[in-house]
Amino acid sequence: MAKRHLLLVTTCLWALSCALLLHASSDGFLRVNLNKKRLDKEDLTAAKLAQQGNRLLKTGSSDSDPVPLVDYLNTQYYGVIGLGSPPQNFTVIFDTGSSNLWVPSAKCYFSIACYLHSRYNSKKSSSYKADGETCKITYGSGAISGFFSKDNVLVGDLVVKNQKFIEATRETSVTFIIGKFDGILGLGYPEISVGKAPPIWQSMQEQELLADDVFSFWLNRDPDASSGGELVFGGMDPKHYKGDHTYVPVSRKGYWQFNMGDLLIDGHSTGFCAKGCAAIVDSGTSLLAGPTAIVAQVNHAIGAEGIISTECKEVVSEYGEMILNLLIAQTDPQKVCSQVGLCMFDGKRSVSNGIESVVDKENLGSDAMCSVCEMAVVWIENQLRENKTKELILNYANQLCERLPSPNGESTVSCHQISKMPNLAFTIANKTFILTPEQYIVKLEQGGQTVCISGFMAFDIPPPRGPLWILGDVFMGAYHTVFDFGKDRIGFAKSA
């Protein structure tokens, strides 16, 4: 039987000059220290593009192996792996939201991104095996195409043999040009893997390289800390979490998806997910992404700048009282918008139609009015539960129409008001997971000054897959996360 390992991946902050210092610590882990570079507002664009491009659009042992990882804007975590014999080094994003491993190929001749990053040369590897199957992966802001090959992958000093991966011969996105990473190492389920290539954790499992069939993330969100965090294959480091993990079963294989409950603002329900929403834990997403109807309420609660929607204000002004009266009369909320004439079908459409239809003036029409109406129903129904007066309810809905999240995802807040902002909490497995303002507000530099942005962005997915939350690095920074592929479950515990 092959020797089983606990593979530790140590994450550190980005350095323009990466002076590497390797040493074995008292706990048996081999760690890598990196210098760090303080980032500014200009880096947000690159991080945002990387985050958008990184979304795939598809229906305890004494042994340790170190890999230096980089924390880019506290949002993208990536590190160096080796490919081939002898190893050719590549910087890759460790992404739980996709499943393929790909790197630029030496046969990539016509994409600028390839010339700006390391390229894999099969002629220099004695362990290379040809495959040749062509493939293409489409992302949120571009695509890569190429062909499959097989070779050994070095993660730390652990060798995964004959891993199937993609040699990218074309990269059609500015994301890949400006990104500080060469490729992506997907950690999702094989169900979303292009070409049925096994994700690397599955190969580790089949080759009996792991102490346990799990991997775990600890992301250090402290911008002043020397370490960016740890990714551990085969176990979890008890120094990086407090108490026991709360586990939830994977509800749908592909992404690391589970059934989540409500989002609470200062202990009060936002209503939209009161009966449950799907959620995905995704290390490749920078922020927290969720339904527009909820993010608008979050924006209002924290004083974030937003987009004023004339369609929204029109619906509240002309139909708000009618919606309110129907809800008071116990009308099924899914039928309210069709009864007031703004939606064609009962419950056939959802707020999850896309934020563009709500705030983009160039996309007016019945779709926009229906989407706004459905949001208004959620807001008004939620306020009725709080026993608010009619005047307060309609005034609140009108205020939310001025706080709709920007389509580009960035919502600025006052840095001086952070201490006065409410706690937010996700309900998972009937337990509340609190995020403090210090945890969900992201600080960055712009012209020597600190700028604060909300960690929440609008991201609408229509039924049947939605509504959907994506819990990215903002959430994973607060909660140590275990991905248990042996038992198909996800665990959360407060980060230490």
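Note that Cβ sites are derived from N, Cα and C of the backbone, with glycine treated the same way.
Asn387 is the residue among Asn89, Asn387 that Swiss-Prot describes as N-linked glycosylation site. Swiss-Prot names the disulfide partner of Cys415 among Cys373, Cys452 as Cys452. Between Cys312 and the candidates Cys273, Cys370, Cys373, Cys401, Swiss-Prot annotates a single disulfide bond, the one to Cys401. DSSP assigns Cys277 (disulfide bond) to a strand in the three-state reduction. Considering only the recorded positions Cys108, Cys277, Asp282, the residue whose Cα is spatially closest to the Cα of Cys415 (disulfide bond) is Asp282.
For the pair Cys343 (disulfide bond) and Asp95 (active site), the Cα-Cα distance reads 38 Å. Cys114 (disulfide bond) has Asp95 as its nearest neighbour among the recorded positions Asp95, Cys277, Cys452, going by CA to CA distance. Within 10 Å of Cys312 (disulfide bond), counting CA to CA, the recorded positions Cys277, Asp282, Cys337, Cys373, Cys452 contribute Cys373.
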